[in-house]
């Protein structure tokens, strides 16, 4: 805002100079002073000297106020005792309190009162007694008879009394003006402090949203890496074990070779399906191949494994490694319904990864023990073997991504994980402790909730491109209260006014209280205004306080009713602004139809219009503008009917008898009514425009609070959108390559099956060398596929976010590894 201070203050200076100089020459023919009297030219020079400090009153308020005070003091001594720009002293006091350092405010307030005391004395002396030098010229003074001989004969009782009362009245007026200015300034300073806190909070929320989107994208990359490892690497390890076993066990058994190759093909197909589940998360309703999220796409979560599927892993482990002994023991009563969101999937993936590593590193003929211990608060699960796992890293390779993903999964559900060689150095063990929920309930999903992606894209565009979220998308916090339960929720919504300032004075504390309890403030003001205007209607009698062309004869209580109907809804002008504005609009329309005139309470329509544009939804203007136009047209019709002799439009419609006195010139009636209608319409438009301007500046606490609430409401959608966008981008980048890699393994198995089928059709025994060769090629292809998958996993975990990567490189660098690459641990 700092860059806008000077232009606005310069414009204020120019306007003030024109007004002061023009008005000064019009209303005064001379100016009294302490030393001499002054003419218009001298007064104009002093006026011009007092105006420049106004330019920097907000940028440098204290310096400007000090300069202004020095010029005023010099003016009081050698210049006119008072000129019109002296009243800008109130503006300078206001600026120091609002824009200056709080610790200096009291000093300048004291200076203002001292200057007021001196100014009152100088003005009283110069106007009652006359200048000290030009004693014979009392031009511009009151020149009272009692003070006419003051310089010659000394003061008299009458002169002293006149000077005292003149000084006292001036001092009281100056003091009241200063007190009013100080109250308004402290009130304004407290409001600005609230606005500043809300702006900082909103900026923090927006910054946090950016960071949370980055975190969500990183988390999604890690999740995909974990799932790719758990789904595909698990399957490929089974394929490798099956192919290695098939080379020896099925070399002379074609039937066993067929079953083994069929199992390998099914596992390959299972891995392909798993990758589809993991990455193919966008449905394109039009069949478009473009994988970018569109307004017609729907986001679906990947299917998760659960605790109940662990038994299937045990059966798979027994079938894939028949020489191993796999047992599962459960102590206590299993309570899967107490597993918190994602815990069942984490348990499944942990057991899956542990069994995969056992097949890869533990060796042959090992004993695997899966032990579960259920208690009331947690589940302890361990997977241990007595194989060679403890020496698996003796060749120097580092652990892979399987254990990393395992730790991430367990840590995400507040559990603890322990991995490493067994204490007796006979094998490897994996143990986890996972807390249970206190009561069974709906499990919180860990994957994004399905929703139209158009909603998510709107949320992102709203937060990224607009100064604040569009209220019409989510609804404004203050504006949207449904009719259901309205009375139960009839209270001020919370406004985050920031930390309490213990050094705040009573005015600032009252301002904060009024901001936090705006509904009570609005209701109190509406009731007081209604009571005052209703009393005036009763005092005015039948003629009332109406504006119309003809005579008015309305019962006073009709004025009381219209006042209550028009003013009381303003109690809700900030809580439910659209409902309040609708009530005011209907009340005004009924008044115009039945009474055919307007009264002072109709000025509150401007307040209602300001409130509905300021605090209501942005789309509120679509019905407010037509309502204003309709009421304005009804106003013109009322004045035309009144000028034509009818008391109201209803009287004209019903054909009631006209009054004896009415205007006969129809042209004058219509012209005058239209002019009044245009003036009223312009006033309404100015009120609405002012609300739009203030709202766009972001200087209203309630509007800022509404924006903060809307930002918080969009946070979850922002994270979901970021995760889904990243998943979709990764899927578009690697899915084809992953599928091609896995399909090569499946095709190799199909080739072996076709070889066996060919010999079977010829009723010949396939040579053991061809069977061994087929299994060798399958195993080699599986190892290449696993190596390639590990390379992709490394890229997912080690490359940056898509936002950063796309700015530097056109796409992910995905290249197959060399044939000499071999799989390592994990």
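Just so you know, glycine gets a Cβ as well, placed from its N, Cα and C.
The annotation domain 'DUF7134' is assigned in TrEMBL to 10-134, 510-648. Feature annotation from TrEMBL assigns transmembrane segment to 63-96, 108-126, 164-187, 518-539, 554-572, 620-645, 666-694.
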Composition by DSSP (helix, strand, coil) of residues within the domain 'DUF7134' (510-648): 110 helix, 2 strand, 27 coil
Criterion met for the transmembrane segment (164-187) and the transmembrane segment (518-539) (at least three Cβ pairs under 8 Å): no
Folded-back contacts onto the transmembrane segment (666-694), same chain, C-beta under 8 angstroms, at least six residues removed: 549, 605-607, 609-611, 613-614, 621, 624, 628-629, 632-633, 635-637, 639-640, 643-644, 700
DSSP helix/strand/coil residue counts for the domain 'DUF7134' (10-134): 93 helix, 4 strand, 28 coil
